[in-house]
Amino acid sequence: MVFSNSNASVSLFRLVALVATLSHLVFTFVDAHGYVTFPASRAYMCKQGQAKNCGEIQYEPQSVEAPKGLPFARKGDGQLCSAGLGQFSQLDRQGPSAWPTTKASGVHSFSWTFTAQHATTDFKYFITKANWDSSKTSGLSASDLESDPFLTVSMNGKAPPRTMNHDLSKAMPSRSGYHVVYAVWTVDNTANAFYQCLDLDFGGGNSSSSSSSSNSSATSTTGSSSAASAATSSTTSSSVSESGTASTASGSGSDDDSSSSGDSSNGSSSDNNGGSSGSTTMPKSQIAQSGACRMKKRRRSPNASVLAARGDYRRHKSQMRRDRQG
């Protein structure tokens with residue numbers, strides 16, 4: 001009898017464990033659906049830890065499921081990204097710096113990961129209007145979006161594979177700056193759909209204007225620096241050239257000409273250098289003195305015949321001294 005009770009206890013334990021396992025599988029299946037992995041949706045950004053303060057969505061990015069009809073057939077203004085689900089309200093944060101963005105130039109397809117493959121009607125992709133207010137901080141509204149999807153992928157009731165790419169049949173709509181793509185996965189055999197928001201940077205507009213401005217400013221600064229360097233180089237070259245001219249004038253003219261040339265040269269050099277003496281430029285007083293000294297030295301130097309005569313005279317004088325001593 002004890003043995004029988006023991007078997008009954010074991011059987012009951014196994015039954016409870018089996019029910020718990022089946023319940024877990026059922027709930028996992030019900031909760032598991034899908035999300036956009038590239039370009040990374042807000043939900044996926046939260047799952048990956050690339051976005052912060054996400055709340056519950058970081059644990060179940062696949063679960064943004066709500067009744068069909070968004071963004072236009074039913075009202076959901078300000079709550080489109082969360083699909084009106086209060087537990088995922090963090091997805092409705094809005095603003096150019098509220099979410100990490102993906103460069104639109106690198107987007108040639110949209111990639112989904114499905115944790116449950118439902119029969120599907122289609123996938124549709126909407127984008128914010130070209131003139132939408134990208135600086136707004138209130139949640140995304142239907143009026144922010146183009147009324148027609150720029151991409152529709154029909155499934156005709158078929159279930160997608162575990163992962164699926166939707167290639168762009170043509171280029172992304174022409175945009176500038178920060179924009180949001182609203183992706184809708186419509187399930188065929190239920191009343192629900194899944195919703196994902198993707199943040200893109202098209203460049204050359206709102207989100208990158210400060211960066212462009214900074215780059216432009218940096219370029220301008222670099223250009224100014226280059227111009228300044230070129231001006232300095234030009235000034236230095238000019239100063240050296242003018243100093244050389246002054247020296248030549250000193251060698252071939254009078255002391256007065258040399259001095260005036262030096263004054264003129266150094267006057268220009270001083271003006272070009274903003275009144276400061278450059279390391280490669282001699283002060284005018286030194287140039288004048290140098291020219292005068294060279295001039296005097298050249299005037300006093302005897303020619304070759306004089307030097308030869310002096311040599312002969314010294315040799316003759318030395319010979320006479322030797323003769324007298326002998």
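We number each residue from 1, going along the chain as drawn.
Just so it is clear, glycine is given a Cβ too, placed from its N, Cα and C backbone atoms.
Taken straight from Swiss-Prot:
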SIGNAL    1-32  signal peptide
DOMAIN    33-200  domain 'Chitin-binding type-4'
BINDING   His33, His118  Cu(2+) binding site
DISULFID  Cys81-Cys197  disulfide bond
CARBOHYD  Asn206  N-linked glycosylation site
REGION    206-326  region 'Disordered'
COMPBIAS  207-281  compositional bias 'Low complexity'
CARBOHYD  Asn215  N-linked glycosylation site
CARBOHYD  Asn266  N-linked glycosylation site
CARBOHYD  Asn303  N-linked glycosylation site
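Features recorded in Swiss-Prot, as mapped to the structure shown.
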residue: His33; record: Cu(2+) binding site; DSSP class: coil
residue: Cys81; record: disulfide bond; DSSP class: coil
residue: His118; record: Cu(2+) binding site; DSSP class: coil
residue: Cys197; record: disulfide bond; DSSP class: strand
Distant-in-sequence Cβ neighbours of His33 (Cu(2+) binding site), under 8 Å, six or more positions away: Gln62, Ser63, Glu65, Phe114, Thr115, Ala116, His118, Phe194
Under 8 Å by Cβ from Cys197 (disulfide bond), counting only residues of that chain that are 6 or more apart: Ser41, Arg42, Leu80, Cys81, Leu91, Leu140, Val180, Val181, Tyr182, Ala183
Among Cys81, His118 [recorded positions], residue with fewest other Cβ within 10 Å: His118
